[in-house]
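Peer 1: Have a look at the structure that comes next, please.
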Amino acid sequence: LFPSLPLPLSLSLSLSLSLSSSVFTNGYAPGYAKLNRRGGAGGWSPLDSDHYQWLQVDLGSRKQVSAIATQGRYSSSDWTTRYRLLYSDTGRNWKPYHQDGNIWAFSGNSNSESSVRHELQQGIVARFLRLVPLDWSEEGRIGLRMELYGCSYWADVINFDGQGVIAYRFKVKKVKIIKDVITLKFKTSESEGVILHGEGQQGDYITLELHRAKLLLQINLGSNQYGSILGHTSVSSGSLLDDHHWHAVVIERFRRNVNFTLDTHTQHFRTNGEFDHLDLDYELSFGGMPYSGKPSGGGRKNFKGCMESINYNGDNITDLARRKKIDTSSFRNLTFSCMEAHSFPVFFNATSFLQLPGRANHNAASVGFQFRTWNPDGLLLFSNLGDGTLEVSLEGGQLAVHINASRSGGDGQWHAVRLVAKENFAMLTIDGDEASAVRTSSPLSITTGGTYHLGGYFQQTPFPPLQRSFQGCMQAILLDDQPADLHAVEKGVAGAFENVSLDMCAIIDRCMPNHCEHGGRCKQTWDGFSCTCDGTGYTGATCHTSIYEPSCEAYKHLGRSSDTYWVDPDGSGPLGPFKVNCNMTEDKVWTTVMNNLPAQTTVMGSSRDRRTVLQVNYSASMDQVTAITTSAEHCEQHISYSCRTSRLLNTPEGTPYTWWVGRGSEKHFYWGGSGPGVQKCACGIDRNCTDPKYDCNCDADQKQWREDSGLLVYKDHLPVSQVAVGDTNRPGSEAKLTVGPLRCQGDGNYWNAASFTTPSSYLHFSTFQGETSADISFYFKTSAPYGVFLENLGNTDFIRLELKSPTVVSFSFDVGNGPVELQVHSATPLNDDQWHRVMAERNVKEAVLQLDLTYRASRPAPPQGHTRLELFSQLYVGKPASQTCQDSAAGGQRGFLGCIRALRMNGVTLDLEERAKVTPGVKSGCQGHCTSYGVYCRNGGQCVERYNGYACDCTATAYDGPFCTREVGGFFEAGTLVRYNFLSEAAAAANRDAWSMAHPLSSQEVTLEQEEVAFSFSTSNAPAILMYVSSKTQDYLAVLLRQNGSLQVRYHLGGLREPFSIDVDQRNLANGQPHTFNMSRIDRSVTIQLDHYPPVTYTLPDASDTQLNQVKTLFLGKVYETGHVDPELIDRYNSPGFVGCLSRVQFNGVAPLKYALRTPASSLPASYQGKLVESNCGASPLSIPPMSAATDPWHLDNTDAEFPFNEERVVPDGVNRNSAIIGGIIAVVIFTILCTLVFLIRYMFRHKGTYHTHEAKGAGAAGAEAGVGGESADTAIIGTDNPETIDESKKEWFI
């Protein structure tokens, strides 16, 4: 039984007598080092205060230690300020205590009396503990009293010799297991070995093994019979597990969900395939593969080492083996104690060396050792020879000797090196591979120097080594064929060393656990790691932040147009990015996800007992699609069932013939156009079915083709993943199914906002969980100069985002190493009541703060220290989590005033609107989006506020589209004209509508002193009138093409006998190419720009009037006026009229062509005569300059997209049945005509005759063989030597 609280352990303190840990006098012996003891000299104090001292505790047997407390030496100036803790089962092969991925240094005492206690984040199970002082009192020396806290520990241990295997036999021959719980502990010095294995005849298996000192779990719950869905799943964990220390493993499986825990690191994953049960036969083996197993073992080695506390689904395997209740017959000598390794590792850092003696003045040098390291460079061994030097080092990950032999290293694994050098011969062997050993017979003369330096050489020498130091571990050292006596080195009897940790290998794998997220590749050195994020879709020091926007809505508000984009709905969450089609309409943004089911898929041979199930796969996973539907405001999916003698639902009661499966694998019995809970089709809702007795057209069971189709709009059920069809097996029965793409509109997460109206108002949410990786992003707008956006507190840890001043945003946090603050400074005030975007990220590598994608600040994390952010309070949004005295004195003004939108933390969007509905002082939503996004409304479009965004009103422009960038134009045939009447105020009042209200020119501006004219045109015909503005007087304005295609502008404003003509360009513009025309007049100044040429200014004569009086009508293409018209224009330019395309026509804020195209022909003030077809005249729909492909992170090419289906087969919507019927009729008519012609030809030429042919003689034979061999006559012709041979005597009856 374990006590509820850790109690002090009975200490048996011992100190090995050695030079490095001697005592000052007997009164300072370790026996006096118990906490609060005052006997002797009041504690332990060594003779020398240096970094080689240690105090060792023997607990008598293995105990579970959970805390440690220290004091200084009683009533003295001696205490320890910082120390490390080592532990071991045997008093050898020590392991340092790790925390937060580092060898942990505990903070000690600051005086001799107070006690400092540390709870161990990772519990220790060991018999021996060693405390190593790192720093001590500046006024005195090392002094220490201590206490350990914990409880007793006992476990059954089994020693595996690499031969024996424990076979746990099931009670029945075959078992189907839906739930597994497997726990065990192991320790080994081998890097390979099978720990457990079980398999079944159906192909299921589970294997846990060591591979390259990593733990590999492989599970297969079964693949389907066609092999298209493979069940094999492989997950690895851990590293450097061949350290001969205990490691705990827990495997928990329920159906396909698996938790795989090694020590304290847990991985959650789902197995591949579609099965839930693990089908095993006969037994589960521990320690290796069963001898009677299938050849699937693949030559795997058995486990060699120790295991304890083996439990399988509640059965204690180790206890059963001790009581001989299970088969252990394969063991030669089964022992229940752990055989300890005999290695003596040595640990080096950048300032270490180990000097060992060898034979002097000998004509042969022989060295051998094992090493492991992460660094690609380092000095392994150096020796001064009688006439030179011997150097073994790592250079760029390759093992190099002075004879230039090389072999890979620096991968963290143990590598064995053996070097033999003697007269005229040298050989280097790596990892015992004699076949690949490097030999040389170059002239050599060896005279050993008698001393070898391993891991470093810092002395002056005429021939210094290329590398000076080594970071890593060595063991099994042989020098001149003699094993190095490291125990003598430890006691100071032989050799020498500096900054070396003996009998310990403290190498750390900084890539395990892997902090590189989303598939980022981890690379490490001795001191740190880095992440490579290429190809992942994420960026940052740990590949945490997505480079894509969360939705099509977000792309629209970056000014993007309709296209295909990558989206990442949960940002830094587990869902990966995927491609969707974004359709930016004027008022909505539609997201389309395609599927692979071809339109009108034929279904035959299905019945209620054996339904045909059609699988609908999408260009994204079901979780990804669900993320879109969850955040969308509306979703829809078209579904169609065409039938002939095939019933769909049949009756309102009972299970229908056909159903569909949606999200969550739920069956649904309603059809498109209907809703949940109503077993009907669209015609049943509208009551217009073919047979009123039924609720679907197909349920009438008629021999004619019928159809039931409509939209599925209940988004919680979408998308359609399967359709089961059950009535196509009768004679003449057939059905065709179409499932359209999923279309969703809006993004609730993007517009989820709250308005904070008082400094004391706030929203609170559950504690933010971001221990090792945290990202926060949101939009804000405010007119206040400062305010706290959000804050979450722990005991000492915290995280805060704040507007510190009108130009400064601050991100501060503390993970236990002291407060850290990042600030970004904006060049313009941030309290401008416009939206600003804030993104903050903190991980184990760095902290980053970004503002408006422009300003950025970052700070690297400290190489040593705490890395986990531990919070416990609620998350406060809009004010600090706690008001300080300073805050209270300021009247609590640190609260935020303004709006916060799209607050996302670690990929999860917080629902500000829902929480605001029940919180005083906070309002749901936020107005004022046009202040930030109105700039995207181009060409005079007006930004219109909406609750969840904005829209561009293009009514008063000559453009359409979501940003008023798509030109509206029309194609004019001969005689076509557009008329726009400038009405008087009285007439306008009588015909006032939405258009005339939006255009003051229509009702008030009847006399003009200035004009703004713009349009584009293309034509191949001249002469023609492009635009003519008439008046009730003789004034007019005309833009026309002359006979030679040149452009001319005519003004007749009065005061002149003839109109003032401006010849804009003498080129022929009637060349079929598009041209743009822009003109503005103010008084007598007329500025004209044609195409891309610079504007040219003209001046009306002084005698000319400056007013266009009483404007009446604007004509496009042709003039048809009852009042005064310049007769020359009518005679020379008005017939046959303009033939070509006009677009983006605008006159003083009026878009006459657009209005004529978009309103009924009889409506005022615009109308047209003749045939006018809307067209964009070849204009580009995008007037916003696009980004280059090189700099555009959202640019798509054909090389990146990978989908589980062929996109060319995807039909975005159902086939138009009317078009199909018309096409069929036309095909039948053409076929009938051809048959009639053939019959007539046959009748007219029915006689024998000869003809010449260029066909080869083999063609006929090939044609005859085509039915058998599949080859055509073309094949024979191609294979003929002379295809030009002519046969003069071919005869025919009829061809």
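Backbone N, Cα and C define each Cβ position, glycine as well.
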Peer 1: Based on what TrEMBL records, which one of Cys926, Cys930 is disulphide-bonded to Cys899?
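Peer 2: In TrEMBL, Cys899 forms its recorded disulfide with Cys926.
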Peer 1: Which range out of 1-151, 507-544, 985-1177 gives the domain 'EGF-like' (927-965) the most CB pairs under 8 Å?
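Peer 2: Highest pair count goes to 985-1177.
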Peer 1: When you measure from the Cβ of Cys899 (disulfide bond), which residues in the chain that are at least 6 apart have a Cβ under 8 Å away?
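Peer 2: In sequence order, Ala753, Ala754, Ser755, Phe756, Phe780, Lys781, Thr782, Cys926, Gly928 meet the Cβ cut-off.
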Peer 1: If I count Cβ-Cβ pairs under 8 A between the domain 'F5/8 type C' (1-151) and each of 507-544, 752-926, 985-1177, which range comes out on top?
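Peer 2: The listed stretch sharing the most Cβ pairs with the domain 'F5/8 type C' (1-151) is 752-926.
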Peer 1: Give the nonlocal contacts of the domain 'EGF-like' (507-544) in its own chain as ranges (CB under 8 Å, at least six residues past its ends).
Peer 2: 98, 101-103, 214, 237-240, 265, 347, 372-375, 412, 471-473, 566, 568, 572, 576-577, 772-773, 775, 841, 843-846, 848, 863
Peer 1: How many other Cβ atoms sit within 10 Å of the Cβ of Cys926 (disulfide bond)?
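Peer 2: Within a 10 Å radius of the Cβ of Cys926 (disulfide bond) lie 24 other Cβ atoms.
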Peer 1: So, by DSSP, how many helix, strand and coil residues make up the domain 'EGF-like' (927-965)?
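Peer 2: Taking each residue of the domain 'EGF-like' (927-965) in turn, the totals are 7 helix, 12 strand, 20 coil.
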Peer 1: Per DSSP, what is the helix/strand/coil residue tally across the domain 'Fibrinogen C-terminal' (543-595)?
Peer 2: 5 helix, 20 strand, 28 coil
